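Reviewing the structure listed below.
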Ligand code: S0N
């Protein structure tokens, strides 16, 4: 598989397949692809780039190398009130909060390609992605209570949707690690393949989606998120359907009548049963 670099970043890579796939790679293998604030800012920029690029229909999120997808927040720059940009900002925050929402609301499928560890905040990242393809060397787990943190946001609620309440609590309360076969068994990932085949498989899954209606995929994603995300999820789904309405003769009649300063005539449009 040949990828073409399409943007310059320090902590990540942004590459395109040329046939509709963007691949975003956390490129900090020396710390098992842990993210620092700058990494998250770059990830957010790359996801926005992929969203705006109308030639992109599916996005892969992965980590550099075979050892880790991502090991979560970089503990070396964790401060008293979140993570500090540059490692020395006085006031910290959780940059990853907005990234989680961004991935959930991005109207294109995001596929996590997991080699090695998906741990802590790195585990949450794959949980949030729409699909996960795991290499057979993948290992999954939360570490929060071991390092004095936790993610009660999507990292708990979406995880519970995937594996059920008891299992989600076990994952958080015991901080164990689970291998790829266990992850598949509990519904945490979609497929497990040999390490050497994980990219080929992930690309094949993306291409299967690229052959489908992009708008239908958009609605599938927003429909699944609607309940979980409450009013914000319903808003996304509602605005997506409004996009469709705008393209109809019926909606055009309303707009045109306003611009022509006349009463709209909707009489030719069916009142659908
Ligand atoms: C990933 C693990 C299991 C890999 O073990 P392995 O293969 O034995 O390698 P190590 O020798 O342990 O690691 C190699 C080098 O990488 C460094 N390193 C690894 N992980 C991190 C990290 N997260 N931060 C900084 N450095 C890391 C090691 O120190 C080592 O370096 P050298 O060679 O110099 O010694 C294993 O490494 C492991 O368990 N890592 C820690 C996992 C962890 O606890 N992560 C943090 C968990 N918390 C979060 O992620 C919170 C983030 C988050 O998403 C969040 C969500 C909601 C609200 C807030 C937040 C938030 O941002 O806090």
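All positions are counted from 1 along the displayed chain.
Cβ coordinates are placed from backbone N, Cα and C, and glycine is handled just like the others.
Record features (TrEMBL):
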- 32, 71-75, 83, 117-121, 143, 149, 246, 261: substrate binding site (BINDING)
- 142, 143, 144: hydrogencarbonate binding site (BINDING)
- 83: site 'Important for catalysis' (SITE)
- 246: site 'Important for catalysis' (SITE)
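Residue 143 (substrate binding site) falls outside any helix or strand according to DSSP and counts as coil. Secondary structure from DSSP puts residue 246 (substrate binding site) in a helix. A gap of 9 Å separates the Cα atoms of residue 72 (substrate binding site) and residue 142 (hydrogencarbonate binding site).
Sequence-ordered, the extra residues of this chain that approach the hydrogencarbonate site, with Cβ no more than 8 Å from the Cβ center of 142, 143, 144, are 72, 119, 120, 123, 141, 145, 146, 147, 149, 150, 151, 172, 175. Using a 10 Å Cβ-Cβ cutoff, residue 143 (substrate binding site) registers 21 neighbours. Geometry remark: residue 142 (hydrogencarbonate binding site) versus residue 32 (substrate binding site), CA distance 15 Å. Screening the binding-site residues 32, 72, 74, 120, 143, 246 for a C-beta under 6 A from any atom of ligand 1 leaves 32, 72, 74, 120, 143. For residue 118 (substrate binding site) paired with residue 144 (hydrogencarbonate binding site), the C-alpha to C-alpha distance reads 13 Å. Between the C-alpha atoms of residue 83 (substrate binding site) and residue 144 (hydrogencarbonate binding site), the distance comes to 15 Å. Comparing C-alpha positions, residue 144 (hydrogencarbonate binding site) sits nearest to 120 among the binding-site residues 32, 74, 120, 246.
Around residue 246 (substrate binding site), a 10 Å sphere centred on its CB holds 10 further CB atoms from the protein chains shown.
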